[in-house]
């Protein structure tokens, strides 16, 4: 049997990290077992589902490198098939037409409230002669659900869960306008797509009993179900915007790497030893559902920042430099010349060691593209005393005698410090302030080599007032 799983988002908004983790678990499960990962867009909410929202979800999955093995299936294109299955159930006596009016249903709800019981349709049209149907009423089609016994689900994460059939009512399969309900459409689509494992959030667990009854009524084999716990905020409440970023593309825009976000989400609810950082190939090799816990996970943004910093330091300099250039132009409004882009690339080993996100990385590279005189932090300004400016003027003369390589510049600073009987830091920090406007940067000899003699001279002269 070939394992086939699916991720089935509704395009009514952004892809949130809970959905992203569900997609990741499906993807890794399929890859681990040599199976196939599919995508179904559940766009049956015709008012809220938009092409723009669909594109946002597809872009987010593409950014996370969770690409489906087949073209996406759009649920809205399958209404005829959903109706066909409902008609088959009618013909087999597994479903029936219900002509209840809105007023009758409202009275049932009111009675349930008075009795302090959950609302359930009372089945009044279950065995009634359709000849008694009122004129001008378009019926819904309801499942003829079993009333005796239990429906049992053997969940691969939650274990065995069961419900008494008397607690379930005859759910609607087709609305009066002929459109399918969500629960019916999902079952038909999963069956037709050959889905073997349904891996989704445990907020869908109660739906599974009703969906299992549809499978049974059609004589179809049920897929395996695995309901994974939800992600909560640090306070244990349902994750929301007040906790921080929740949209996948918001994390992208804030400068998180996709592989870092996936790594963090994987470890949020799945465990395998003490390893915190796992490349994708190791994730595929190790992942299986037996490592998924039942308890809700808590989002830890500080931990995610740490994980992102680890991946940032390991990322290729060329890739990071290209992203920084794009962010400087898009987010900070600085046109970046080819020369400046080259300087950023040269400095990337030192820049990325201090950054936790791509946004921070771009901030730290601003000094490269700014023109002299540079804006100064208070700490940097305080370093540029009269004595420090004298040192800068003298250092320029020594630098002019070098080939402006990093090693030669370092030796020139070291020799000057020894000659003046000063610590190297007392020389390097004012120089850093003059060249970057800050007290934090990559090694200052690397900064000078990247900027080049003309730019270094221009920046020091601007501090000296020349």
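Note: Cβ is positioned from N, Cα and C throughout, glycine not excepted.
Pulled from Swiss-Prot:
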type: BINDING; residues: 241; note: ATP binding site
type: MOTIF; residues: 9-19; note: motif ''HIGH' region'
type: MOTIF; residues: 238-242; note: motif ''KMSKS' region'
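Restricting the average to the motif ''KMSKS' region' (238-242) gives a pLDDT of 74. Here the motif ''HIGH' region' (9-19) has, by DSSP, the following mix of helix, strand and coil residues: 3 helix, 1 strand, 7 coil. Broken down with DSSP, the motif ''KMSKS' region' (238-242) shows 2 helix, 1 strand, 2 coil.
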